[in-house]
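Annotated in Swiss-Prot:
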- 10-18, 29-35, 59-60, 116-119: GTP binding site (BINDING)
- 185: S-farnesyl cysteine (LIPID)
- 185: cysteine methyl ester (MOD_RES)
- 167-188: region 'Disordered' (REGION)
- 32-40: motif 'Effector region' (MOTIF)
């Protein structure tokens, strides 16, 4: 069974824990209790393949930013979460993405942009803004509501699909490099 290491990042209060707990335990946590770091595991079937999701729910608060490099190193894919009623959390996505790319030392890291709190009427981040940002990053965008469960499975499953595509691409590039290195050298 394939295991996928998923990391949920974003500013404090955007609903990272609520999304994760909704996926794992099928219930909505409405009281806010800032996370330092929580880890969850769940076996799921995605596109006919049984897999184990190892999900790291991270601290959004700035005082825990020193811990970020460590968990970003081990993550294979990242859910970059903002709240649709919090423009600052949307603007912060750029910083999380840059930090992930720096720590992973790669421009090509599996990510999904997630606009959470879709159930709230007080929207300040337009869907089109988020779609445009995701398009500029070359990553999928999904709107979710941890409260109603809308888009929750889709967000995590899409990230697994992005990781699979990334692994396939890396494996093809590895094979191309091996083929190139098999050229013969003739000495005269």
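Even glycines carry a Cβ here, placed using N, Cα and C.
Here the binding-site residues are 10, 13, 29, 116, and the one with the most other Cβ atoms within 10 Å of its Cβ is 116.
Residue 119 (GTP binding site): 14 other CB atoms within 10 A of its CB, across all protein chains.
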